[in-house]
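Below is one structure, written out as structure tokens; comments come after it.
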Amino acid sequence: MVRLGLADGAVFEGRCEGPWEPREGETVFTTGSTGYPQGLTDPSYRGQILVFAFPLVGQYGVDEDALESLRPQPEAVVVSRVPETGAGRRFREWLRRAGIPLMEGVDTRALVLHLRDRGTLRGRLGDGSLPRSSRFAPDLVASASCAVPETDPGEGPLAAVLDWGVKESILRRLRERGVRVARLPWNASAREVLALRPRGVLLGNGPGDPQDLLSGPVGTVRELLGRVPLFGICLGMQVLALACGAATEKLPFGHRGVNHPVREEATGRTLLTSQNHGYGVVDASAEGAGLTVTFRHLGDGSVEGIASGAYPAWGVQFHPEAAPGPWDGAFLFDRFVASLDEEGRKGAAA
């Protein structure tokens with residue numbers, strides 16, 4: 001018997017096959033019914049215990065050509081049931097090889113309802129004892145980032161990507177549009193970014209609390225404001241907001257799933273989006289930082305997009321690359337590429 005102990009004293013029971021060690025992390029849930037290989041390899045889940053609300057996980061194995069990073073990212077995975085099929089066995093083996101405990105046979109409906117009502121809680125998978133720490137490890141982003149710069153060869157407009165745990169699908173969406181990608185480590189300076197002469201900079205997603213990045217990446221982005229177009233996704237939007245002078249906050253239980261509706265404020269149209277974040281921009285802080293709210297969540301009204309009134313800089317809290325999820329926001333990559341083209345025309349005219 002394995003127990004998941006939560007910070008408020010609640011305990012949920014299940015089982016783990018094979019050898020495993022106790023794991024601790026922020027306990028979060030996702031409502032997606034498909035796309036679990038992409039979700040599990042999203043670096044934004046680093047340092048978390050991931051609970052699947054959908055009762056059956058592992059039903060189609062793992063397509064290793066469609067992953068978002070090289071390995072599963074959560075500290076542990078909690079599910080109701082994995083099918084006793086070849087696909088289910090391959091799913092279990094994939095997590096086992098990565099050293100990720102898989103807790104099965106859990107009443108995930110009760111667990112998700114508990115987290116929904118009590119908010120996100122720290123958890124410890126083991127004997128039922130309470131978690132020993134109260135926050136993320138400070139090196140989460142560093143551990144999710146590339147170690148050295150990587151630049152695509154060939155022709156085409158160059159976009160720098162600040163890698164704080166960026167998903168592979170974000171890079172794919174840029175390359176599909178003819179963009180060359182220069183992927184830079186999490187602690188790259190503004191000078192290092194500008195030395196590449198990029199036409200624009202994409203601020204990628206990643207794990208943890210954006211406040212932990214105040215001493216490095218936030219300052220880097222602040223120096224880049226007005227120098228090149230900036231496009232932030234998820235954590236990247238939060239860092240952009242902090243760089244502009246806005247504030248961020250922890251959401252009660254975050255948005256994680258593939259069917260979150262958001263409204264584009266300028267047009268009134270609704271998009272279905274894929275989301276994976278536990279922090280957001282404080283609504284009341286946006287105007288004072290010179291930011292316009294461009295998208296809002298239709299469930300709780302939270303900020304889902306911002307744009308600077310002073311600089312070519314904007315971001316969204318959701319994932320326009322999907323993977324998994326709907327493609328309603330894919331046009332945002334076209335907007336970013338258009339800004340690269342505009343920057344190229346300015347350079348040619350100078």
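Here the Cβ of each residue, glycine as well, is placed from N, Cα and C on the backbone.
Caution: TrEMBL annotation is automatic and unverified by curators.
According to DSSP, CYS234 (active site, nucleophile) is assigned to coil rather than to any helix or strand. Its Cβ placed at the centre, CYS234 (active site, nucleophile) has 29 other Cβ atoms within 10 Å. Per TrEMBL, active site, nucleophile is recorded for CYS234.
The annotation active site is assigned in TrEMBL to HIS319 (among others). Counting Cβ atoms from all protein chains shown, HIS319 (active site) has 26 others lying within 10 Å of its own Cβ.
The annotation active site is assigned in TrEMBL to GLU321 (among others). Note: GLU321 (active site) has non-local neighbours LYS167, SER169, ILE170, ARG172, ARG173, ILE233, ALA330, PHE333, i.e. same-chain residues 6+ apart with C-beta under 8 A of its own C-beta.
On its own chain, GLN238 (L-glutamine binding site) has PRO210, GLY232, THR248, HIS277, TYR279, GLY280, VAL281, GLN317 as residues at least 6 apart in sequence with a Cβ closer than 8 Å to its own Cβ. Here TrEMBL flags SER44, GLY206, GLY208, LEU235, GLN238, ASN276, GLY278, TYR279 as L-glutamine binding site.
Summarising the annotation, TrEMBL assigns domain 'Carbamoyl-phosphate synthase small subunit N-terminal' to 1-126.
Look at TrEMBL and you will find 1-159 tagged as region 'CPSase'. Along the region 'CPSase' (1-159), the predicted structure has mean pLDDT 94.
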Local Cβ density at ASN276 (L-glutamine binding site) - other Cβ atoms counted within 10 Å: 29
Cβ-centroid neighbourhood (8 Å) of the L-glutamine site, SER44, GLY206, GLY208, LEU235, GLN238, ASN276, GLY278, TYR279 excluded: ASN205, PRO207, ASP209, PRO210, CYS234, HIS277
Between HIS319 (active site) and GLY206 (L-glutamine binding site): CA-CA distance (Å): 12
Annotated L-glutamine contacts SER44, GLY206, GLY208, LEU235, GLN238, ASN276, GLY278, TYR279, maximal Cα-Cα distance (Å, integer): 13
Of GLY206, GLY278 (the binding-site residues), the residue whose Cβ has the fewest other Cβ atoms within 10 Å: GLY278
